[in-house]
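Annotated in TrEMBL:
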type	residues	note
DOMAIN	44-292	domain 'G-protein coupled receptors family 1 profile'
TRANSMEM	30-52	transmembrane segment
TRANSMEM	64-89	transmembrane segment
TRANSMEM	95-123	transmembrane segment
TRANSMEM	144-166	transmembrane segment
TRANSMEM	200-222	transmembrane segment
TRANSMEM	234-253	transmembrane segment
TRANSMEM	273-292	transmembrane segment
Amino acid sequence: ASDPFNHSNSSSSSFTLVGIPSLEASPTCLGILFFLGYIIALVGNGVVLLVLGLDTTLRDPIHCFLGMLATIDVVMVTSIVPKLLSVFWLNSTEIGYTACFAQMFLVHSSTAVESGVLLAMALDRYVAICHPLRYQVILNHQTIAEIGLAIVVRALLLIGPLTGMVSNLPYCRSRVVAHSYCEHMAVAKLACTDPRPSGLYGVAGSSLIVGMDVAFIAVSYGKILKTALGKKSCWKALSTCGCHLCVMLLYYIPGIISIYTQQFGSSVSLHTQVLLADLYLTLPTMLNPMVYSMRTRQIRQAVLKVL
């Protein structure tokens, strides 16, 4: 009766994170890789935010979206890597009940926000290249603020109910989460009741957001390439679009695979599922500053000026 794992939800109970299942024997090497990735992500995105904050000339719509992207990248990677490093290096596997669901909310809401920001940036490039004379009129400061608010509200409307559904499940069995963070399906599988409603809600919501965003991004870049073909700036547009699309593929493909394997992929090994989930949360945060920001001439010049 005194065992907290035999009770239903309690603020005093906790979960135990495994890290990466079947790879627990090499925590030092894994920790070094994630630590280096975390430092690169923090430094890269931090430099972008510093430059955008100091240089008052960088107030164009694209720079506002780059600031949003850098901010959400920092939130996303910070929500998982420090705890993951404590699991690898300090064997601090326990995470409190409230902290677990707070991490769940931060991770999943930040991924939804990032997808919305990537869509907004694709639309920004479409307007800049296809309707350059109307760029300032279409994407004024009020419109940018409304887009940012819509992105955040959409994420909250999706992830808020999902986190509530998982946190309200009764947990009376093992509290060992076979994951490196409190991923919603990994936690829901520990419940005493059927976790499928929350799992199906998560898959449906994620599929809706990813499907809609990817479709609009594809249309935007398709129109950009159609407009750029035959112009002197064709190769520059192809180079920029190619880099952007590569980063998006690195973000969306592991994310989509991770979402569906968590729900339906019983044949996929557990450590593969966890590594995919970690990949799509950490790798884009490292690459985004280099691909989206450092390839922008104004930001490169501002970085050199600050240095």
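Note that Cβ sites are derived from N, Cα and C of the backbone, with glycine treated the same way.
In TrEMBL, annotation is done automatically, which means it is predicted and not curated.
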Residues from the same chain, set at least six apart from the ends of the transmembrane segment (273-292), whose C-beta lies under 8 A from its own: 20-21, 34, 37-38, 40-41, 44-45, 47-48, 66, 69-70, 73-74, 76-77, 80-81, 84, 107, 111, 114, 121, 178-181, 183, 243-244, 246-247, 250-255, 257-258, 261-262, 265
Interface-richest range of 64-89, 144-166, 200-222 toward the transmembrane segment (30-52), CB pairs under 8 Å: 64-89
